[in-house]
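**Student:** If you look up Swiss-Prot, you'll see Asn8, Glu385 marked as Mg(2+) binding site. Residues or ranges marked as ATP binding site in Swiss-Prot (evidence: sequence analysis): Lys15, His207, Met208, Gly209, Asn210, Gly211, Asp284, Met285, Arg286, Gly332, Ile333, Gly334, Glu335, Asn336. Annotation source Swiss-Prot lists substrate binding site at Arg89, citing sequence analysis. According to Swiss-Prot, the feature active site, proton donor/acceptor maps to Asp147, an assignment based on sequence analysis. Annotation source Swiss-Prot lists site 'Transition state stabilizer' at His179, Arg240.
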Amino acid sequence: MSKTISINAGSSSLKWQLYLMPEEKVLAKGLIERIGKDDAISTVKFNGQEASETLAIKDHTAAVKILLDDLIHLDIIKSYDEITGVGHRVVAGGTYFNESALVDSEEVIKKVEELALLAPLHNKANAAGIRAFKKILPDITSVVVFDTAFHTTMPEVAYRYPLPNKYFTENQVRKYGAHGTSHYYVAHEAAKILEKPIEKLKLITVHMGNGVSLTAVDGGKSVDTSMGFTPLGGVMMGTRTGDLDPAVIPYLMDNTEDFKTPEDIRRIFNNESGLLGISELSNDMREIEAATAAGNKNATLAYNMFIDRIIKHIGAYAAVMNGVDAIVFTAGIGENDAHIRSEIMKHFDWLGADIVTEKNEKRPVYGVISSNAAKVKVLVIPTDEELVIARDVERLKTK
């Protein structure tokens with residue numbers, strides 16, 4: 001038996017989950033928020049209990065020490081030595097990492113930092129988490145698991161952009177995708193639920209949270225995905241634009257005071273757009289739906305645009321694969337919002353997909369929510385990226 005921690009490090013946060021492996025039992029999970037502040041918050045959930053404290057945490061290294069000390073204080077572990085492995089979620093692996101990798105050299109961490117060009121909001125923070133654990137637990141197995149790795153099976157026709165070739169060969173501008181660990185997990189879980197080999201299935205996986213992406217999974221491999229060069233591409237999201245005409249950028253630079261620097265573009269497109277930008281209210285779908293029900297026109301438009309973009313991608317991916325066996329919803333909105341699922345799927349009667357209202361509205365919902373007669377099954381599967389990360393730590397530990 002071993003104890004493995006799955007880590008998702010943000011710029012000011014550290015989300016974690018501790019597993020007993022290979023049993024895959026969750027011993028504890030938690031979140032450290034406001035790293036770098038005097039009023040940071042560390043929360044630990046274990047055995048149906050929750051412990052929280054507010055304290056100063058100056059950086060990620062201090063956060064890791066607090067995390068481990070909390071585990072000892074709460075009698076979840078006896079000493080640091082019980083932790084045998086750590087797996088880190090990393091958003092961008094580029095073409096350099098096509099699978100999870102051991103952090104067995106400084107070069108691996110430096111490469112993760114270099115790839116921040118592809119995920120400026122994520123990779124530097126991911127690397128900070130890796131360095132923090134290396135400093136405090138230098139001898140345990142350390143693994144990096146990439147959001148982009150699952151999508152490295154996309155054919156060139158799907159991942160290339162129609163730009164001059166030199167921008168691909170010299171600057172590596174292409175589609176990389178994201179949320180790959182989530183898409184991988186729910187695709188494989190769907191195959192188990194449907195009791196069919198994943199090699200025989202054509203699936204469309206729909207990851208709907210604050211970030212949203214869809215993937216066409218043919219025979220267990222990603223053949224197309226909605227997010228692009230960065231997680232900004234694809235469908236409309238909580239605060240991100242998704243795809244739009246590139247000519248919008250120079251137009252706004254010429255005609256407004258808001259778009260003067262690349263940082264302005266990144267900030268507005270990543271943090272001020274999407275549901276938030278259209279509704280002028282919130283990036284939270286629950287608030288958007290409540291406002292829509294109350295007759296708020298901006299919220300209604302945001303809601304309908306969100307659904308519209310997802311419908312179009314599902315239809316496109318069914319065509320890309322020349323058919324589809326199942327559509328799988330996951331992540332915060334995908335798992336919890338029955339109305340959104342219903343609104344999306346009512347556009348696919350022609351495909352042979354349906355939703356049984358009683359199954360769809362059951363809470364919690366898990367598994368098939370379509371009728372037995374449906375040609376295309378519809379499923380809801382809670383994602384578990386942390387478990388995939390823990391499994392990869394165990395797999396690479398034994399290599």
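Yeah, the Cβs are placed from backbone N, Cα and C, and that goes for glycine too.
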**Student:** Which of the listed recorded positions (Asp147, Asp284, Glu335, Glu385) has the least company, meaning the fewest other Cβ atoms within 10 Å of its Cβ?
**Tutor:** Asp284
**Student:** Let me know the most crowded of the binding-site residues, choosing from Asn8, Asn210 and counting other Cβ atoms within 10 Å.
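**Tutor:** Selected residue: Asn8.
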**Student:** Going by a 10 angstroms cut-off between Cβ atoms, which of the binding-site residues Met208, Ile333 has the sparsest surroundings?
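**Tutor:** Relative to the other binding-site residues in Met208, Ile333, Ile333 has the fewest Cβ atoms within 10 Å.
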**Student:** Could you say whether, by DSSP, Glu385 (Mg(2+) binding site) belongs to a helix, a strand or a coil region?
**Tutor:** helix
**Student:** Ten-angstrom check, please: count other Cβ atoms within 10 Å of the Cβ of the residue listed as 'substrate binding site', all chains counted.
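**Tutor:** Looking across every protein chain shown, the total is 22.
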**Student:** Among all chains shown, work out which of the recorded positions Lys15, His179 has the most CB atoms within 10 A of its CB.
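**Tutor:** Per the Cβ count, the most surrounded site is His179.
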**Student:** Quick check on the recorded positions Arg240, Arg286: which one has the highest count of other Cβ atoms within 10 Å of its Cβ?
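**Tutor:** Of the recorded positions Arg240, Arg286, the highest Cβ count within 10 Å belongs to Arg240.
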**Student:** Distance check, please: Cα of Glu335 (ATP binding site) against Cα of Glu385 (Mg(2+) binding site), rounded to an integer number of angstrom.
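**Tutor:** Roughly 14 Å, rounded to the nearest whole number.
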